[in-house]
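Per TrEMBL, the feature domain 'NADP-dependent oxidoreductase' maps to 3-259. According to TrEMBL, the active site, proton donor annotation covers Tyr17. Positions annotated as site 'Lowers pKa of active site Tyr' by TrEMBL: Lys46. Look at TrEMBL and you will find His79 tagged as substrate binding site.
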Amino acid sequence: MNAIDAGYRHIDCAWRYGNERDVGEAVEQKISEGVISRGDMFITTKLWCNFHEKNKVVPLLKDSLKNLKMNYVDLFLIHWPFGFKEEAPSWPKNKGKSAYSDVDITDTWQGMEKAYDLGLARNIGVSNFNKSQIEKLLLVSRTRPVCNQVEVNPNFNNKRLIAYCKSFDIVVVGYCPLGRIESFGRPGVPKPTMLDPKIMKMAKKYNKTSAQVVLNYLVNNLGVAVIPKSITKSRIIENFNIFDFQLEQKDIDYIESTNKNARVCLASYFGDHKDYPFHDEF
């Protein structure tokens, strides 16, 4: 509710996150208070990997809509480009390893198109898809994906995938835009750029926080929609107030130089799946 009060109108959910009920209750309350209408909000949710068979897509979305207390979502995404075998638990195992299905993403996309045709999702898209996986969908789709939600931050600016998506008018939504502080220190995970002393000094020049500087760069210079995560009211407000300043070119150049092509969300525990997306260059 703090996010809605601060002015946010896009809320990112997922069946796997378990946040749909809380979001639905918050939106319902703010509608009842007269703060917003349903049409003011843009609600995203995602299809989890257990439900990739095309005949399971619509029932899963209907379950999400029940949780959200809504009759449609504005955007419905395939969470990952690979499927799991069973419907429960949400991460099934087989002898200690993930239990996968071999459902093709083109079949899953047919289920997504059915959800779109029924009006249950006003837009459909994907998440964590690489270039070749998007190409595969574009060859067979009746309804093109409008969005690819992927990791984007200064340490992993994902520029080639962003450029490819834009060439097909696919909007890129960037998760982990500030990196992931709790992952810093793991092998191969760089320090979040907002902790860079030069970025912190830069932020003082603009009378902003380093997080605000990073988010401004991602939105204004990479052209992505960002979904920073916070439960702290003051940070929720800060993350929203990024549109009233313009970075100087020398500062943009420095932030560009921090790119290391290093992900913080590797999901390497799925790396043995044939459709794991991060083996490809982009």
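Cβ from N, Cα, C; glycine included.
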Per-residue Cβ crowding (10 Å cut-off), top of recorded positions Lys46, His79: Lys46
Cα-Cα distance linking Lys46 (site 'Lowers pKa of active site Tyr') and the residue listed as 'active site, proton donor', given in Å to the nearest integer: 9
Distance from the residue listed as 'substrate binding site' back to Lys46 (site 'Lowers pKa of active site Tyr'), taken between C-alpha atoms, in Å: 5
Per-region confidence, the domain 'NADP-dependent oxidoreductase' (3-259) (mean pLDDT, whole number): 94
